[in-house]
């Protein structure tokens, strides 16, 4: 493995360590022992859930390619996952609010384990079923767990500021440390032990099973809407009215869709961007480097959110601009550095520059997650939290499906340019959110019923 990879990884690790060790009293929040126990339990579960997800990440594209599928067919498999999340995500989110968030978290584990099992088959139809199951699981991962946490946190009477502490720790561990270890562990399974590209999926299933056991043994159930007779259609209508009636919720949804759409497109694009001529790159190690950069971002976010100023709505404007610029690097290097025509070999100079830009983008991702979680906890009504959060994912999944469907139609630089534009638009919308964030959270549900008489109120 080239020295360059170790240098980037080492530099990022040193910065993260320096940030964590240099924290003072202003960067820390004093909490109670009961909260610490509650938080640690959630962090253990969340870390296991993310381990199950991250172990698969670097090897999905690679596994499909080893089964002999081309970029177009792989794109279709990715579309199936995002399309599944779009079609079924809102339904499972509403069921989580209605039937219970703990039950939805267990369903995530079962669904994702089944998705991992399908990876053993080289049959296209079986892999397609796995992608559909994975799409459903992803919707639950990014809605049910957060909804359970927020409801349980409030039910136990913990201070609101402590919630941001849990968010930042969860991202630091689950999207940082665990992701790094998952990348390195996957690298050992596939490259060092030569167990094949399906081995990380088997390991992921084991972690998910352990996490499910912890949930069943230690979590209590909580619900969203307490009404007994509200059907799914009424829940959808109520969530739609909430989004349409409160500009802050609508802006938050648009911002999340633009950023996550660019992020998921990046997940698909980074491998061909760094190896356009089939250069040999260590996928697991590069993935671990990205996650270390994300860990750096979450460390910065925890420090920023521990203070009253600047507000999340303020510093996220800068984060979106920086992320937009970082994804322009593949376009810039394409013009400034002559592309190599040699097949194989090690990563090119252009690839090295792009890797640095991608690490910057991942640092922005690390800041984004706890920050968007905090804003969601402030602006989204509790009773329909999972439903509304999955509503946000509908435009996200449409965007990603369109991009992947046309993956062979446009050069990779065009796709990066499109992502950069969307991130810049997100910064503009974030500025608008900052401007109106001082207004009351939501006018009231009576006024909303005047617009839609059939919508039932969400208790506040």
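Quick reminder: no glycine exception, Cβ is built from N, Cα and C everywhere.
As given in TrEMBL:
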type	residues	note
TRANSMEM	6-22	transmembrane segment
TRANSMEM	43-62	transmembrane segment
TRANSMEM	74-96	transmembrane segment
TRANSMEM	129-150	transmembrane segment
TRANSMEM	170-189	transmembrane segment
TRANSMEM	201-219	transmembrane segment
TRANSMEM	285-306	transmembrane segment
TRANSMEM	318-338	transmembrane segment
TRANSMEM	344-369	transmembrane segment
TRANSMEM	390-406	transmembrane segment
TRANSMEM	412-429	transmembrane segment
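Using a cut-off of 8 Å between Cβ atoms, the transmembrane segment (170-189) and the transmembrane segment (412-429) share fewer than three residue pairs, counting only pairs 6 or more apart in sequence. Here the transmembrane segment (6-22) has long-range neighbours at 285, 288-289, 292-293, 295-296, 299-300, 303, 355-356, 359, meaning same-chain residues at least 6 beyond its ends whose C-beta is under 8 angstroms from one of its own. Counting C-beta pairs under 8 angstroms (sequence separation of 6 or more), the transmembrane segment (390-406) fails to reach the transmembrane segment (43-62), with fewer than 3 such pairs. Residues 74, 78, 105, 108-109, 112, 116, 138, 141, 145, 166, 169-170, 173-175, 177-179, 181-183, 185-186, 190, 197, 200-201, 203-205, 207-208, 210-211, 214-215, 219, 267-268, 271, 283-284, 286-287, 291 of the same chain lie 6+ residues outside the transmembrane segment (43-62) yet bring a C-beta within less than 8 angstroms of a C-beta in it. Long-range contacts of the transmembrane segment (129-150) within its own chain (CB-CB distance under 8 A, at least 6 residues past either end) are made by residues 42, 45-46, 49, 53, 77-78, 80-86, 88-89, 92-93, 96-97, 101-102, 104-105, 107-108, 111-112, 114-119, 163, 166, 219, 222, 224, 373, 376-377, 382, 385-386, 389-390, 393.
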